């Protein structure tokens with residue numbers, strides 16, 4: 001083994017030199033230079049500084065504006081709650097630990113931070129899956145003129161919580177475990193060892209199949225079918241400038257959604273699976289740290305893609321921030337945009353509203 005394993009940690013550094021120390025007790029500057037920890041702390045501070053206001057404002061604006069409290073928007077609120085979990089219970093601990101060069105809060109808080117970071121990340125992931133399914137049902141109409149109501153929205157939110165808990169809770173009860181990862185300043189599931197006492201192998205396979213491959217397939221299928229539907233509607237109305245504009249806007253939004261998903265999860269899943277399938281191989285601490293923080297950044301760019309680029313949400317936010325007046329003069333334009341005459345596909349339905 002080219003790393004050092006303890007009771008509740010795994011350090012990607014051999015202890016042949018005697019330098020390796022518990023990441024709960026000593027700075028880990030033998031893994032990376034101190035300036036890298038400072039950069040990490042500054043980056044987490046940036047995510048907190050921007051991510052908290054954006055996600056909190058989403059919830060506040062929805063309370064202020066009744067027209068936003070629609071079934072199709074419930075999952076967006078769930079996404080904001082998921083991001084706040086990551087910001088409040090994950091990013092804050094990681095920032096302070098990075099300032100000290102190790103996870104200063106101990107093994108119990110490592111479980112706490114790992115649980116809430118995983119819970120928030122998984123809630124966010126499955127919220128994107130539910131959003132994709134919602135858009136597919138509403139726009140592609142595979143079930144005919146299906147009316148999406150509050151009951152369906154509540155079921156979608158409950159589903160995201162169930163799936164998130166099915167991933168975040170097992171390490172707390174003995175199926176895998178939470179360990180400091182990367183530069184040892186944040187915690188996540190154990191991809192690093194095949195410790196039979198925790199059945200790590202089966203848990204990692206379960207996570208990769210159920211919590212990455214399945215969401216990947218569902219999101220690509222739903223948005224692929226959505227694009228086909230929009231293009232077919234546009235082709236049937238080639239003379240309509242509004243239809244062509246709607247097609248371009250919907251295509252842009254779908255591309256951004258898919259890119260956001262790929263940037264967030266593919267690096268993390270790929271590196272984690274590589275480490276798991278190459279037990280004992282050499283890898284640096286930053287090898288796992290960088291992909292993990294791509295995933296954490298989703299708390300910032302998911303709200304930008306799904307909420308701030310939504311015209312209805314954006315106008316309501318501007319109105320709230322400007323004390324009830326929208327200086328852009330678009331207060332009533334957020335209800336619906338660019339509907340096609342045949343399919344009733346709108347940018348607001350996709351982006352979502």
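Here the Cβ of each residue, glycine as well, is placed from N, Cα and C on the backbone.
Here is what Swiss-Prot records for this protein:
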| type | residues | note |
| --- | --- | --- |
| TOPO_DOM | 1-36 | topological domain 'Extracellular' |
| CARBOHYD | 2 | N-linked glycosylation site |
| CARBOHYD | 15 | N-linked glycosylation site |
| TRANSMEM | 37-61 | transmembrane segment |
| TOPO_DOM | 62-73 | topological domain 'Cytoplasmic' |
| TRANSMEM | 74-96 | transmembrane segment |
| TOPO_DOM | 97-110 | topological domain 'Extracellular' |
| DISULFID | 110-187 | disulfide bond |
| TRANSMEM | 111-133 | transmembrane segment |
| TOPO_DOM | 134-152 | topological domain 'Cytoplasmic' |
| TRANSMEM | 153-173 | transmembrane segment |
| TOPO_DOM | 174-202 | topological domain 'Extracellular' |
| TRANSMEM | 203-224 | transmembrane segment |
| TOPO_DOM | 225-252 | topological domain 'Cytoplasmic' |
| TRANSMEM | 253-274 | transmembrane segment |
| TOPO_DOM | 275-286 | topological domain 'Extracellular' |
| TRANSMEM | 287-308 | transmembrane segment |
| MOD_RES | 296 | N6-(retinylidene)lysine |
| TOPO_DOM | 309-353 | topological domain 'Cytoplasmic' |
| REGION | 330-353 | region 'Disordered' |
| COMPBIAS | 336-353 | compositional bias 'Low complexity' |
Intrachain neighbours beyond the transmembrane segment (287-308), with Cβ under 8 angstroms and 6 or more residues off its ends: 12, 40, 43-44, 47, 50-51, 54-55, 58, 76, 79-80, 83, 86-87, 90-91, 94, 117, 120-121, 124, 128, 131, 181-183, 186, 188, 253, 256-257, 260, 263-265, 267-268, 270-272, 275, 314, 317, 351-352
Of 37-61, 111-133, 153-173, whichever stretch has the most CB pairs under 8 A to the transmembrane segment (203-224): 111-133
Recorded stretch, among 37-61, 111-133, 253-274, maximising Cβ pairs under 8 Å relative to the transmembrane segment (74-96): 111-133
Touch test for the transmembrane segment (253-274) and the transmembrane segment (37-61), at least 3 Cβ pairs under 8 Å: no
Helix, strand and coil residues within the topological domain 'Cytoplasmic' (62-73) as assigned by DSSP: 9 helix, 0 strand, 3 coil
Beyond the flanks of the topological domain 'Extracellular' (275-286) by at least 6 residues, Cβ under 8 Å: 1-3, 12-13, 28, 31-32, 36, 182-184, 191-194, 204
The topological domain 'Extracellular' (174-202): DSSP-derived helix, strand, coil residue counts: 6 helix, 8 strand, 15 coil
Positions on the same chain near the topological domain 'Extracellular' (1-36), where near means CB under 8 A and six or more residues out: 100-107, 110, 177, 179-180, 183-185, 190, 192-193, 195, 279-288
Count of other CB atoms lying within 10 Å of the CB belonging to residue 187 (disulfide bond): 33
